[in-house]
Every structure is written in structure tokens, then in C-alpha cells.
């Protein structure tokens with residue numbers, strides 16, 4: 001297969017996994033919003049645990065049917081990943097409980113520079129300067145859209161910091177483990193999803209009791225509510241599966257930055273479906289974020305060269321411009 005065909009195939013796959021992840025992530029947000037507001041199932045941490053358990057069952061079913069190939073993963077590594085992932089969900093909900101919505105959104109925005117800093121300092125990943133500038137543009141735009149009424153308190157600040165660290169670490173580990181252990185996305189899910197789900201289902205009722213002042217057994221069960229809960233579980237399989245695919249093909253920083261497209265689509269969906277207003281300030285922020293994401297996608301895809309490599313590339317370009325008679329000193 002020629003290089004051109006390989007590049008086109010990779011481009012199609014990249015666009016496909018991004019589209020799948022963004023679209024399913026947006027849809028599940030509206031399903032969970034309906035589950036919580038219409039059917040009063042406000043137990044976010046517990047339902048996250050159920051979603052991960054359903055993901056594990058789905059992957060195990062495909063493995064039993066011979067449709068995908070299983071792979072073993074060290075138990076200690078699986079448990080570490082599951083604990084970090086479970087803590088990211090728990091701290092996210094506690095941060096939302098203890099902070100204003102504005103400060104919670106601010107913490108979500110700060111996860112992007114945290115992930116970029118970790119990838120640059122620890123994983124030695126380099127980003128072109130224009131790509132870093134585009135990250136700032138994206139964060140500014142999303143901040144204009146989402147951040148308001150920012151109030152800070154010490155417990156909330158601690159939960160927000162832990163949310164940023166654990167959430168960012170989980171995303172970095174997802175891609176790192178797939179590359180280091182040569183695992184496919186479904187193999188990582190197979191080894192970690194059930195552990196993460198069980199941890200969340202054990203601690204979830206206590207976190208949810210703090211968040212909504214009710215135990216999960218107090219939920220008024222209804223057939224439509226159960227059907228909506230089941231739909232959220234099906235969507236969760238698609239969301240988590242596509243997310244692991246994305247993190248296996250892209251960096252966690254790219255996932256963070258381009259993932260802000262979900263926020264914009266949720267706002268647009270709320271405007272179209274629920275008549276949520278979009279004022280000029282939100283429109284300006286959305287435009288900035290969109291331009292920043294387009295710019296980041298362009299500049300981040302270009303190779304970064306520095307030091308001897310950059311000098312060699314510049315010399316080669318100069319030789320091309322001046323013809324074959326150019327020589328260098330030895």
C-alpha cells in the first residue's frame with residue numbers, strides 16, 4: 001500500500017473516531033440531563049460506575065464471541081489505572097458540589113494546560129509555538145462561554161485541584177499504557193473498566209448522598225426512567241470505546257483541546273432543543289474557541305524540529321533554492 005493511501009486511510013480513521021467520540025459524548029449529555037431532570041435520577045457517580053461495568057460486559061461479550069482479541073495486562077497496572085479513573089470521576093462530582101458552576105468550569109479549563117505541561121515535562125512531547133497559542137485562544141473562548149459567578153473556598157479549591165490532577169493523569173495514562181503495553185483500546189477497556197466501575201459503584205452512593213442529599217434506594221423507579229438509564233448505558237459503551245480509541249491515536253492534550261468542541265455542541269444543542277439563550281458574549285466565545293480548535297488541529301499536525309534537525313532542514317531548503325553548487329565548510 002502506497003504512502004498516499006496509508007495517509008488517506010489514517011485521516012479517515014482519525015476523523016471517524018473523533019466524530020464518533022464527539023457525537024456520542026454530546027448525545028449522552030442530553031440523555032443524562034433528561035434522566036436527572038425528568039426522572040430525578042441524580043446519582044452521577046453511581047451511574048458512572050454502572051456505565052463502566054456495562055462497558056466491561058460489552059467488551060467481554062465481544063471477546064467471547066471471537067470478534068475481538070483479548071490481551072492480558074498486569075493486575076497492578078490495571079488497578080492503578082482504575083483507581084485514578086475512579087478518583088477523577090469522584091473528585092469531579094465533589095468539585096461541582098463544593099464550588100460554583102463558574103469555578104467548576106474554570107477547573108475543567110485548567111486541565112488542558114496541566115495535561116500539556118505533563119506531556120512536555122515528563123513525556124518530552126513538543127508542541128509548535130502556534131499550537132500553544134491556539135490552546136490559549138480555545139481556553140479563552142470556552143472561558144467566555146462557560147465561566148461566570150466564580151467563587152472560591154478552601155475545600156472546593158482542594159477538590160478542584162484533585163479533579164484536575166486525576167482527570168488529566170487518567171487521560172495521559174490511557175494513551176501511554178496503550179503505546180507502552182501495545183494494547184488496543186478495547187483491550188485496555190477489558191482489563192480496567194470493570195475494576196473502575198466497581199470502585200465507583202461502591203463509593204458512589206456515599207458521594208451522591210453528599211451531592212443530592214438522597215440515597216440511591218430512595219429513587220422513585222419508573223419504566224421510562226429505567227429505559228432512559230439503559231439508553232445511557234448503551235451510549236456509555238460507545239463513548240468510552242471511542243474515547244479510548246482517540247487517546248490511543250492522539251495525545252491527551254489534543255483530546256483536551258479538541259474535546260472542547262463537545263462543550264460548544266452541547267450549547268448549540270441546548271439552544272436548538274431547549275431554547276437556551278445564546279447572547280453576543282457566548283457567540284463571541286464560541287467563535288474564538290472554534291477558530292482556536294481549527295488552528296490547533298492544523299499546527300499540531302505539523303512536525304516540530306529543533307536544534308540540529310531544524311538546522312539540517314534549513315540547510316536542505318537553502319541548497320534546494322540555490323542549486324547543487326552550494327557547499328559547506330568542513
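Every residue gets a Cβ built from N, Cα and C, even glycine.
Given the ranges 109-128, 129-148, the record in TrEMBL names 129-148 as transmembrane segment. On the 0 to 100 pLDDT scale, the domain 'Sugar phosphate transporter' (26-296) averages 85 in this prediction.
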